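Report on one structure; see the data block that follows.
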Amino acid sequence: MTRLLIIGPPGAGKGTQAARICERLNVPAISTGDIFRANIKEQTELGKEAQRYTDAGNLVPDSVTNSMVRDRLAQDDVNNGFLLDGYPRTVAQVEELDSILEANGTHLDVVLLLTADNDELVKRLLGRAQDQGRTDDTEDVIRHRLDVYDQQTAPVVGVYEKRGIVTEVDGLGDIDQVTERIMAALAS
Ligand code: AMP
């Protein structure tokens, strides 16, 4: 089981846990949010386009995001598996990922759903705003990102639930505890 997706609302701890799981499983993490942030920092054309959306807490259009992921999944280091973090985030992106993986004769093995309640998410995201100064971590934008998750990304979980590949893990608690929960869930 080496082709994984970690999904959950903003602030659930996906990025932190993704890095740890990847180290244990020895597969690369592919975070669309990180790729966008790197491009924004470098002010590439892709970054300038993406920033208009990320700053407001909106999703970057599928046309931009899908081709970026298609390119990333064409690289050799994903041959033995990968952990996607933050993609797919819409049902249309699920269809795109299906077609990318089908063309390679593969499919997702497991979808890890990391959960936490809304108050905890807002608290964590406001804390991160202070620590990291992410421009999409202001309170209004945070609330908007949580709405975008409910409206556009929660249905993605429904699609994978129908396929029977979703494993839910409680994201509350300390970081090590959550990692152990995830590893136990993956082993079972
Ligand atoms: P994240 O770090 O995953 O929360 O992503 C930060 C921001 O990048 C999101 O709020 C979106 O604006 C953008 N983004 C990341 N992944 C996607 C995606 N799969 N589709 C569209 N926009 C995305």
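In case you wondered, yes, glycine gets a Cβ from its N, Cα and C as well.
From the candidate list Gly164, Gly173, the residue TrEMBL records in the ATP site shared with Gly11, Ala12, Gly13, Lys14, Gly15, Thr16, Arg128 is Gly173. Between the candidates Arg20, Arg134, TrEMBL assigns the AMP site shared with Thr32, Arg37, Asn58, Leu59, Val60, Gly86, Tyr87, Pro88, Arg89, Gln93, Arg145 to Arg134. Counting only same-chain residues 6+ beyond the ends of the region 'NMP' (31-60), those with a CB under 8 A from a CB of the stretch are 15, 18, 68-69, 72, 85-87, 89-90, 135-136, 141-142, 144-145, 148, 152.
Ligand 1 lies under 6 Å from the Cβ of Thr32, Tyr87, out of the binding-site residues Lys14, Thr16, Thr32, Tyr87. For the binding-site residues Gly13, Gly15, Gly173, the greatest number of Cβ atoms within 10 Å around a candidate Cβ is found at Gly13. Per-residue pLDDT, averaged across the region 'NMP' (31-60), gives 96. Long-range Cβ proximity for Arg89 (AMP binding site), meaning a same-chain Cβ under 8 A and a gap of 6 or more residues, is found for Thr32, Leu59, Thr65, Gln152, Thr153, Val156.
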